[in-house]
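**Student:** First, the structure itself, so that you have it in front of you.
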Amino acid sequence: MNNLIVAKFGGSSLASSEQFRKVKGIVFDNENRRYVVPSAPGKRFNKDYKITDLLYLCHAHAENGISFDDVFKIIEERYVTLAKELEVRIDIKKYLDEVKEKVAEGASADYTASRGEYLNGLILADYLEYEFVDAAEIIRFKNNGKFDQEATQKAFDERMAGVERAVIPGFYGAMPDGTVKVFSRGGSDITGSIVARCLGAELYENWTDVSGFLMSDPRIIENPKPIEVVTYKELRELSYMGASVLHEESIFPIRDAGIPINIKNTNRPEDKGTLIIGDDKPVSYSGTITGIAGKKGFTVIAINKMLMNYEKGFCRKLLSILESHGVSFENMPSGIDSVCLVIEDTQLGDKLDSILEDIRKQCNPDSLEVHPNMALIATVGKGMSKTKGISSKVFKGLADADVNIRMINQGSSEINITVGVENDEFEKALRGIYKAFTN
Ligand code: ASP
């Protein structure tokens with residue numbers, strides 16, 4: 001390991017020249033911030049457009065034979081203004097013209113969308129006087145569309161040899177035949193993580209517009225406390241609240257390498273942010289929890305059958321029914337003669353009736369109940385495995401808030417207690433648990 005820092009800046013951190021200036025200040029403030037991964041320009045204000053959305057729109061227009069001139073003009077203006085205000089030396093108009101021509105000629109959606117990061121990377125590299133390295137030269141995908149770590153490391157080592165400081169655009173890479181492919185939305189986070197892994201960096205900084213994760217949802221809990229340190233595993237368990245801060249998949253490239261991620265706020269660089277660390281790292285918890293996250297919109301299918309515990313292959317049959325319908329489940333609490341499948345409504349779509357029919361036919365249950373409108377709340381903390389009284393606080397918090405608990409589940413890893421409550425009681429339940437741990 002070295003002392004290198006990879007700094008990824010999100011769309012809102014690069015939405016205007018004012019934001020670019022903050023980014024420069026941050027990068028130059030630490031000599032080790034030598035590799036920078038930018039997103040495409042995001043929104044400057046609430047009703048503004050994200051460049052990536054506009055690029056997808058251009059592609060959709062072009063594909064349907066509709067003129068995309070007007071949409072492209074908005075994109076052009078954003079970049080031209082940035083280049084002018086930052087006084088960069090590259091001829092950004094020339095690059096924009098090239099992109100427009102390619103889109104008109106039928107470039108793919110992935111190629112078109114990737115140009116948001118590409119153009120922003122060109123401007124940022126010039127502005128920081130760092131070398132521009134096209135992500136298509138180093139980030140590689142396999143023919144099946146999956147990220148190719150081995151080929152990426154090889155290409156990275158070759159391309160980056162002797163490159164001391166670089167800007168590498170996020171979000172995209174190349175297929176084996178060289179065509180551009182993008183990650184899923186928000187994927188610049190993944191690029192940053194991959195670059196950190198390839199470099200064996202000491203730290204991956206993810207600069208955004210919030211000072212890290214909060215203990216709970218600020219739309220429901222007034223002023224929740226920040227989370228200063230969280231392990232990768234805890235974060236996965238808290239993913240109901242994490243998605244908009246950090247792309248879920250960005251943990252995987254660096255998890256094995258033990259590289260921590262620091263979520264930082266470009267607008268408040270003095271804030272500590274949240275440090276995400278390896279699961280094996282010692283953390284002091286002093287009897288409390290890390291966070292509480294939840295989500296509405298689940299359906300529970302409860303299957304009861306006498307002597308289920310003696311029947312071999314029962315769960316296999318059950319799960320293969322879900323698999324055959326292309327449905328994944330969130331949770332599966334069980335009793336001696338019963339098992340519940342907790343499924344997100346978006347997964348279930350209109351498949352509930354046919355799934356129930358298959359369960360009846362193939363599993364022959366004594367009874368089958370469906371409980372719709374369920375919300376799940378996960379209380380998460382690595383410390384709970386060694387601390388007495390955490391679950392009693394969760395349940396007391398819920399009782400004090402007058403919430404009826406419909407389901408309880410604690411995984412054997414003991415970092416998470418999940419409860420199911422009625423959708424209507426979700427907010428009340430979250431507040432009740434939060435209060436129990438913070439008062
Ligand atoms: N610009 C892409 C998006 O909006 C990727 C990213 O920002 O991470 O999804």
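Glycine is no exception: its Cβ is also placed from the backbone N, Cα and C atoms.
OK, TrEMBL features for this one:
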type: BINDING; residues: Lys8, Phe9, Gly10, Gly11, Thr208, Asp209, Arg219; note: ATP binding site
type: BINDING; residues: Thr52, Glu117; note: substrate binding site
type: DOMAIN; residues: 379-439; note: domain 'ACT'
**Student:** Between Thr52 (substrate binding site) and Gly11 (ATP binding site), find the distance joining the two CA atoms and give it rounded to the nearest Å.
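**Tutor:** Answer for this pair: 9 Å between alpha carbons.
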**Student:** Would you mind sorting out which of Lys8, Phe9, Thr208, Asp209, Arg219 (the binding-site residues) have a C-alpha within 10 A of the one on Glu117 (substrate binding site)?
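**Tutor:** Within 10 Å of Glu117 (substrate binding site): none of them.
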**Student:** Just checking: which of the binding-site residues Lys8, Gly11, Thr52 have a C-beta under 6 Å from ligand 1?
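**Tutor:** Among Lys8, Gly11, Thr52, near ligand 1: Gly11, Thr52.
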**Student:** What average pLDDT does the predicted model assign to the domain 'ACT' (379-439)?
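**Tutor:** The predicted confidence over the domain 'ACT' (379-439), as a mean pLDDT, is 90.
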**Student:** Taking DSSP states H, G and I as helix and E and B as strand, how many residues of the domain 'ACT' (379-439) are helix, strand and coil?
**Tutor:** 31 helix, 13 strand, 17 coil
**Student:** What does DSSP call Lys8 (ATP binding site) in the simple three-state scheme?
**Tutor:** strand
